[in-house]
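One structure below.
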Amino acid sequence: MNDLYPALLLTLLAGLSTGIGSAMALVVKHTNTRFLTLALGFSAGVMLYVSFVELLPQSEETLLAGMPSQAAAWVATLAFFGGIFFIWAIDQLVPDVENPHEMSYIGRMEERVPDSMRLNRMGLFTAAAIAIHNFPEGMAVFFSALSNQNLGIVIATTIALHNIPEGMAIAVPIYFATKSRKKAFTYSFLSGLAEPLGAIVGFAILKPWLSPPVFGSVLAAVAGIMVYISLDELLPTAEEYGEHHLAISGLIAGMAVMALSLLLLA
């Protein structure tokens, strides 16, 4: 596994981008919501395109090394929806009021006069919620990078963009509750460490059985996880921050850039 350490490094960098989000929230008075809308839409486009055009076909190709073509198609399909169910089940563990993808206060908190204890609780629960979400995201980056390092770089970048507003979601309420930039940044930074931790745990569990059928199934599950993240988190959050058409423009641009990248790297 010569690609093990680069894959882990990519996962770590993607996770720690929550720290970038918290720094932006603490330094910049007003968040550029149009940029966030475009960036989140772009990330969704990249993840959707790469899931259907690259990961699923690669999953079936890997599965074919250990089973007939029809069986490979069935396993890839079941693993894809299994990945969707896995991330959906994790989402159900997080109450809506603490769910980082249901918040609309980022960049507008200074306009409110909220209760500091409630804000602090919200920030801490948001950090825990994001840490839970980061587990499967870390696995997605890690196993994609193990499969193809260039693909891993692309997915790590899109997950990193996705993590920036999540870092803001943690830092803003904690800062306004405690007036401590250090505490707000620390909680945000630590929540990002769940991504490499998720990668390590996932790899440790699957390593004894990491045959072509298992690896192919994991790739299909990763595709399912990324599709769910795109449709349930990235696009709704993008639209919450800005205009519908701007989010869709980012989505199409992300697909186009990913398509061009795959053609150039082929």
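Placed from the backbone N, Cα and C atoms, the Cβ positions cover glycine too.
Per Swiss-Prot, transmembrane segment is recorded for 8-28, 35-55, 70-90, 123-143, 152-172, 185-205, 209-229, 246-266, and the stated evidence type is sequence analysis. The Fe(2+) binding site annotation in Swiss-Prot covers N134, E137, N163, E166, E195. The Zn(2+) binding site annotation in Swiss-Prot covers E137, H162, E166.
Packing against the transmembrane segment (35-55) from elsewhere in the chain are residues 144, 148, 151, 154-155, 157-159, 161-162, 164-165, 219-220, 222-224, 226-227, 229-231, 234-235, 237-239, 241-243, 246-259, 262: each is 6 or more residues past its ends and has a CB under 8 Å from a CB in it. Excluding N134, E137, N163, E166, E195 themselves, the residues of that chain whose CB lies within 8 A of the CB mean position for the Fe(2+) site are, in sequence, A14, G15, S17, T18, I130, H133, G138, I159, H162, S191, G192, A194. With all protein chains in the displayed structure included, the most crowded Cβ environment within 10 Å among the binding-site residues H162, E195 is that of E195. Outside the transmembrane segment (209-229) by six or more residues, the chain places 47-48, 50-52, 55-56, 58-63, 65-67, 72, 75-77, 79-88, 136-137, 139-140, 143-144, 146-147, 155, 162 with a CB less than 8 A from a CB of the stretch. Neighbours of E166 (Fe(2+) binding site), defined as other CB atoms within 10 A of its CB across all chains, total 29. A Cβ within 8 Å of the Cβ centre of E137, H162, E166, the residues given for Zn(2+), is found for these other residues of the same chain: A14, T18, I130, H133, N134, I159, N163, I229, E233. Stretch with the largest number of CB pairs closer than 8 A to the transmembrane segment (8-28), among 123-143, 152-172, 185-205, 246-266: 152-172. The stretch from 123-143, 152-172, 185-205 with the most CB pairs below 8 A to the transmembrane segment (246-266) is 152-172.
The C-beta environment of N134 (Fe(2+) binding site), restricted to residues of the same chain at least 6 apart in sequence and closer than 8 Å, consists of G15, N163, S191, G192, A194, E195, G198. DSSP assigns E166 (Fe(2+) binding site) to a helix.
The Cβ of E137 (Fe(2+) binding site) lies under 8 Å from the Cβ of A14, G15, I159, H162, E195, G198, I225, I229, each of which sits 6+ residues away along the same chain. Note on the transmembrane segment (123-143): residues 7-8, 10-11, 14-15, 18, 83, 86-87, 90-91, 93-95, 98-100, 103, 152, 155-156, 159, 162-163, 166, 169-174, 177, 184, 187-188, 190-199, 201-203, 215, 218-219, 222, 225-226, 229 of its chain, located 6 or more positions outside it, place their CB under 8 angstroms from a CB of the stretch.
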